[in-house]
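Record features (Swiss-Prot):
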type: TOPO_DOM; residues: 1-11; note: topological domain 'Cytoplasmic'
type: TOPO_DOM; residues: 33-36; note: topological domain 'Periplasmic'
type: TOPO_DOM; residues: 58-81; note: topological domain 'Cytoplasmic'
type: TOPO_DOM; residues: 103-113; note: topological domain 'Periplasmic'
type: TOPO_DOM; residues: 135-155; note: topological domain 'Cytoplasmic'
type: TRANSMEM; residues: 12-32; note: transmembrane segment
type: TRANSMEM; residues: 37-57; note: transmembrane segment
type: TRANSMEM; residues: 82-102; note: transmembrane segment
type: TRANSMEM; residues: 114-134; note: transmembrane segment
Amino acid sequence: MSVSRRVIHHGLYFAVLGPLIGVLFLVLYIFFAKEPLVLWVIIHPIFLLLSITTGAIPALLTGVMVACLPEKIGSQKRYRCLAGGIGGVVITEIYCAVIVHIKGMASSELFENILSGDSLVVRIIPALLAGVVMSRIITRLPGLDISCPETDSLS
């Protein structure tokens, strides 16, 4: 498979599925945390939409990063997952820092609350989980034909 096709494949799959994995964790965290954020989710259903749109660009960039990993790292599941998780966290933090400094994009109070330093766990853990899970399953998704047997097995 050509590098450009792998970059497009990884980037799009990460951008579409990655934020959904993060939102799943976020909903579970809010449900079990018994914090006032539960009221925000009930009152503002746009919370999930903001979470997905906030995570789509970092997920796309993480997918491109995972696609561009050298063959030695990309062909081993552990290293690919480690790189995907760390890359997801770093790219998400850089992206959120840029958005907070632009202030024009962070106009709503809820959006600023999500991106503030007080809710670090709301950004880091979903990005880490999405990066690791997507790096793990990316070779099993349709459209990618890798002949490396170690990469194709889920064990």
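Placement of Cβ uses the backbone N, Cα and C atoms for every residue, glycine included.
For the topological domain 'Cytoplasmic' (58-81), the residues of the chain that approach it from at least six positions outside its boundaries are 3, 6-7, 9-15, 18-19, 22, 87-88, 91-92, 95, 127, 130-132, 134-136, 138, 148, 150-151, judged by C-beta separation under 8 angstroms. Residues 38, 41, 48, 51-57, 59-60, 62-64, 66, 88, 121-122, 125-127, 129-131, 133-134, 138, 141 of the same chain, all 6+ positions outside the transmembrane segment (12-32), place their C-beta atoms under 8 angstroms from a C-beta of that stretch.
Shown for the topological domain 'Cytoplasmic' (58-81): DSSP residue counts in helix, strand and coil, namely 19 helix, 0 strand, 5 coil.
Per DSSP, the secondary structure of the topological domain 'Cytoplasmic' (1-11) breaks down as 9 helix, 0 strand, 2 coil. When pLDDT is averaged over the topological domain 'Cytoplasmic' (1-11), the result is 85.
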